[in-house]
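Undergrad: Handing you this structure, nothing more for now.
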Amino acid sequence: MVQSLHEFLEENINYLKENGLYNEIDTIEGANGPEIKINGKSYINLSSNNYLGLATNEDLKSAAKAAIDTHGVGAGAVRTINGTLDLHDELEETLAKFKGTEAAIAYQSGFNCNMAAISAVMNKNDAILSDELNHASIIDGCRLSKAKIIRVNHSDMDDLRAKAKEAVESGQYNKVMYITDGVFSMDGDVAKLPEIVEIAEEFGLLTYVDDAHGSGVMGKGAGTVKHFGLQDKIDFQIGTLSKAIGVVGGYVAGTKELIDWLKAQSRPFLFSTSLAPGDTKAITEAVKKLMDSTELHDKLWNNAQYLKNGLSKLGYDTGESETPITPVIIGDEKTTQEFSKRLKDEGVYVKSIVFPTVPRGTGRVRNMPTAAHTKDMLDEAIAAYEKVGKEMKLI
């Protein structure tokens, strides 16, 4: 007899719970700022991707409200029918200036970007070299393209060179692309873009950088590609509009020719209603803020260094992060989840990250300090880490 849906779900959900892999979802009452409220209790929030605090910025809220008054709450259609508003054109022109490219295209989410852009260019006659720690949306985008997927050891340039050479010299593929995160979200390390570009030029690879955690954070806000001064060397610059930018959506920046192709061939652009007017205007306001000033960027980095130093002094393993992302690596999945719960009891909200998001045995809580945190908040968080760590004999 075949297995019923109930039997399948019950068996597998129980397995997740028994092995410390089941993630309880909390509901936030109010805005997702540096402090949040859950079930009536306030917590210092170290789990959001709201790097610059823009999700609650008054200027962005005013811009969104004004756009709703003039353009309504929805775009009303897909971009290719009559869902392209003047607000979308303004946003894409602003994004292109921000990223130092000829053009840009906005999508409904960062996940959509990778589903859209990869499959619009790569197909079954091509090969994709992909860093083994790339985001799930990259993995799914690669699968959707039906290209040959070749995993590359994480940030291993010797492995990349060898596999690029093998793929190109095999003569089996029309195009070969290398895809990498700009900043890796679980450990906070940065892709070796100068070396990647050198290898790509040697073997004629297309280059694709998903800078979801780099936009607004690296390169004085313009991203990891700008940080290395390689705007004219990377074919695809991908970014989210939901993390440092503080709203929702994603984008691809590149040549006008590339963007024209994506507008003609990328399925999320063709078959999904465009970004809402309020969101679109708020995003444009956020990007202009980053272009006009580095104040929020600088505050983010100062807060990140302060927290990282405090946790390291306590004896925690904070990994090899080169960015504000600050993991505290515990290891065992069940211990990691218990650690997160104990911190929550002390008023610090920092979620556990365990398999399958990270490899087994590398469970961690991932701290995400923002520009909106005060030093008092960070001191309170560090004190909670000291108390819980000693009680659990982790430090």
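The backbone N, Cα and C atoms fix where each Cβ goes, and this holds for glycine too.
Below, the features straight out of Swiss-Prot:
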- Gly110, Phe111, Ser185, Asp210, Asp211, Ala212, His213, Thr240, Leu241, Ser242, Lys243: pyridoxal 5'-phosphate binding site (BINDING)
- His135, Thr357: substrate binding site (BINDING)
- Lys243: N6-(pyridoxal phosphate)lysine (MOD_RES)
Undergrad: Find the longest CA to CA distance in the recorded pyridoxal 5'-phosphate-binding set Gly110, Phe111, Ser185, Asp210, Asp211, Ala212, His213, Thr240, Leu241, Ser242, Lys243; express it in Å as a whole number.
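TA: Taking every pair of listed residues, the largest Cα separation comes to 15 Å.
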Undergrad: In the structure shown, which of the binding-site residues His135, His213, Lys243 has the fewest other Cβ atoms within 10 Å?
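TA: Sparsest of the binding-site residues His135, His213, Lys243 by Cβ contacts within 10 Å: His135.
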Undergrad: Around Thr357 (substrate binding site), how many other CB atoms lie within 10 A of its CB?
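TA: Cβ-Cβ neighbours of Thr357 (substrate binding site) within 10 Å number 16.
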Undergrad: How would DSSP class Gly110 (pyridoxal 5'-phosphate binding site) in three states?
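TA: DSSP assigns Gly110 (pyridoxal 5'-phosphate binding site) to helix.
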Undergrad: Taking just the CA atoms, what is the gap between Asp211 (pyridoxal 5'-phosphate binding site) and His135 (substrate binding site) in Å?
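TA: About 11 Å separates the two Cα atoms.
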Undergrad: If I restrict to non-local contacts, at least six residues apart, and a C-beta distance under 8 angstroms, what lies near Ser185 (pyridoxal 5'-phosphate binding site) in its own chain?
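TA: Spatial neighbours, sequence-distant, of Ser185 (pyridoxal 5'-phosphate binding site): His135, Ala212, His213, Ile325.
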Undergrad: For Gly110 (pyridoxal 5'-phosphate binding site), which residues of its chain lie six or more apart in sequence with Cβ-Cβ distance below 8 Å?
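TA: Counting only residues 6 or more apart in sequence, the Cβ neighbours of Gly110 (pyridoxal 5'-phosphate binding site) under 8 Å are Ser137, Asp210, Ala212, Ile238, Gly239, Thr240, Leu241, Ser242, Lys243, Gly249, Gly250.
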Undergrad: Please report the number of other Cβ atoms within 10 Å of the Cβ of Leu241 (pyridoxal 5'-phosphate binding site).
TA: 31
Undergrad: Can you count the other CB atoms that lie within 10 A of the CB of Asp211 (pyridoxal 5'-phosphate binding site)?
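TA: Asp211 (pyridoxal 5'-phosphate binding site) is surrounded by 30 other Cβ atoms within 10 Å.
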